[in-house]
Amino acid sequence: MAPRPPTAKPQESVTFKDVAVNFTQEEWHHVGPAQRSLYRDVMLENYNHLVSLGYQVSKPEVIFKLEQGEEPWISEKEIQRPFCPDWKTRPESSRSPQQGVSEVFLRTNVLSHTTIGDIWNVAIQGHQESGRRHLGPEASSQKKITTLEKKIEQNKVGEDSSLSTDLVPQLDISSSIRPSDCKTFGNNLEHNSELVTQSNILAKKKPYKCDKCRKSFIHRSSLNKHEKIHKGDPYSNGTDQGAQSGRKHHECADCGKTFLWRTQLTEHQRIHTGEKPFECNVCGKAFRHSSSLGQHENAHTGEKPYQCSLCGKAFQRSSSLVQHQRIHTGEKPYRCNLCGRSFRHSTSLTQHEVTHSGEKPFQCKECGKAFSRCSSLVQHERTHTGEKPFECSICGRAFGQSPSLYKHMRIHKRSKPYQSNNFSLAFVPNTPLPQGEGLLTEVKSYHCNDCGKDFGHITDFSEHQRLHAGENSYGSEQTLLGQQSLSHPREKPYQCNVCGKAFKRSTSFIEHHRIHTGEKPYECNECGEAFSRLSSLTQHERTHTGEKPYECIDCGKAFSQSSSLIQHERTHTGEKPYECNECGRAFRKKTNLHDHQRTHTGEKPYACKECGRNFSRSSALTKHHRVHARNKLQES
């Protein structure tokens, strides 16, 4: 076996252009969305792997474009020839287009997964140019990507094998280009054990797995870079510090903003000029970037090329897939520097940061009220215009906000619900909504067969079921203050020794016990009033501060308690969840149901101390007291 190549890296002579796969603008426009995603993943891994191996590789423009989501094509004159002068080449006329495409495949897969000293085919890019001249732009771009995909499937190698020159004939690469022809690196390149990494990409293996989110990678360097996201490393987004600190020569004459590349300046200037050169052939809508046009065209075709491997959900944009996958991995890379809270989306972090600054930049022109979010302002403006774009497909009632319609639709009886022992699952037919809103085309409701209450989420429904079952949510034997341990999962282990009332949770029992002891550990600093519960103190303090954090999205009315907001929202949705078992009459508030039930039972718990007359409602007793007050005034 030939000795391994020297470990010294010829850093000064290596640039990323020597190992890159490049497209012209015309070729790039013939590449589909899924193929563009494949190209982006391979190129970024190529660059990141070279940097992780210690090579002084300056960030090229194509990588900068890929990281920014821009189009990575370059002009013909920018495509470079091979850097190694010792490699022999065949005359251009004797080389077929297919051979050039095959070379693209080998270079794409090999160069990004080994050290530069182990790669013999970094110089074949110059040969690709001769093959490119034989192909049109569409054929050239399609052959590059298609051959790349096919060869990955056809040339899978075993786990213990390594890539050597035996693979070269399979890829139809000209025999005039061999590692033995290179006097700079020599024959040592044929027997490099580090090429075993190549088997991972051909076999689609990702042996390096993140312990926190279980995401897998082909290279250890990619894993190391990913782990910085969890650690909060400020340079974990793949930004090259050297490029960041480099000079920006291209300045916008309108706003003074500078850019590293002229193409970036050209695209930026379209913001000022309003130029949108890329127009949709279907609807005529124009865009500043061709990538935006490609994403828009998917809306017409319905194509969703980006599919989640875990749940199968498909998306039109790769960025949407990346954001969706964070739901499965739990990754929240955007962290607030003030409170440490993390978010899956950068927009969510931006909206959250406003809560710290208190800034409300969006102001209503009608009444002057300010909001921290643009969406909140849009919702508020409907209270002035009276616009109600969300209409119920069953009864025709319209609402100003989509959540109000969502809540309203739960009150309708479902014709064919899915029944189970504990709940019903129902769907509202798929009906179009105004302004293209499709979020309400499918409404799921969990219906309790014991009390008839509906829930929008399975977690809320499960919690509600415990009220009927008396189930201990902890699911284990617990004791509190000498109480007996839980002997059955449906028992309430925490029982009050004074009144005998039992509770599922120890915290509920402790709060209840303060009723008997009179303990009120939570005291208001303003007026000195004390409370037995912390939540009661929090609500009381709002009477001093005037804070009303719970705002109705329909009319803008604010409340100091969330329960008050819930009751108020029912005036908009028409929901009446509390139904009388005797006559079927429904009510918005539980207290109204209790008052009504006394008309059936005849109970009158409110007695007048003056005359002894009894009433079923406290409000009726209050009115009655006024009669005695007037009589006393008349007598005096």
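Every residue gets a Cβ built from N, Cα and C, even glycine.
Residues or ranges marked as domain 'KRAB' in Swiss-Prot (evidence: sequence analysis): 14-85.
Marked as zinc finger by Swiss-Prot: 208-230 (among others).
Residues annotated as region 'Disordered' in Swiss-Prot: 227-247.
The residues of the zinc finger (250-272), classed with DSSP into helix (H, G, I), strand (E, B) and coil, number 11 helix, 4 strand, 8 coil. As annotated by Swiss-Prot, zinc finger applies to 250-272 (among others).
Note on the zinc finger (278-300): mean pLDDT across this stretch is 83. Summarising the annotation, Swiss-Prot assigns zinc finger to 278-300 (among others).
Per Swiss-Prot, zinc finger is recorded for 306-328 (among others). Remote same-chain partners of the zinc finger (306-328), defined as residues 6 or more beyond its termini with a Cβ less than 8 Å from a stretch Cβ, comprise 33-34, 37, 40, 69, 295, 298-299, 344-345.
Here Swiss-Prot flags 334-356 (among others) as zinc finger. Below 8 angstroms of C-beta separation, residues 232, 323, 326-327, 372-373 of the same chain, each at least six residues beyond the ends of the zinc finger (334-356), sit close to that stretch.
Taken from Swiss-Prot, the feature zinc finger applies to 362-384 (among others), supported by sequence analysis. Same-chain residues lying 6 or more positions outside the zinc finger (362-384) and placing a CB less than 8 Å from one of its CB atoms are 351, 354-355, 400-401, 553-556.
Here Swiss-Prot flags 390-412 (among others) as zinc finger.
Annotation comment: Swiss-Prot describes LYS444 as SUMO2 cross-link, evidence class similarity to another entry.
Taken from Swiss-Prot, the feature zinc finger applies to 446-468 (among others), supported by sequence analysis.
Residues or ranges marked as zinc finger by Swiss-Prot: 494-516 (among others).
With a threshold of 8 Å between CB atoms, the same-chain residues lying at least 6 positions outside the zinc finger (550-572) that come near it are 369, 376, 379-380, 383, 399-401, 403-404, 407, 539, 542-543, 588-589. For 550-572 (among others), the entry in Swiss-Prot reads zinc finger.
Same-chain residues lying 6+ beyond the ends of the zinc finger (578-600) with a Cβ under 8 Å from its Cβ atoms: 452, 567, 570-571, 616-617. Sequence annotations record features per position, and here Swiss-Prot assigns zinc finger to 578-600 (among others).
Swiss-Prot lists 606-628 (among others) with the feature zinc finger, giving sequence analysis as the kind of evidence. The zinc finger (606-628): residue composition by secondary structure is 11 helix, 4 strand, 8 coil, according to DSSP.
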For the zinc finger (250-272), give me same-chain residues lying six or more residues beyond its boundaries with a C-beta closer than 8 angstroms to one of its C-beta atoms, as numbers and ranges. 61, 64-65, 68, 70, 243, 288-289
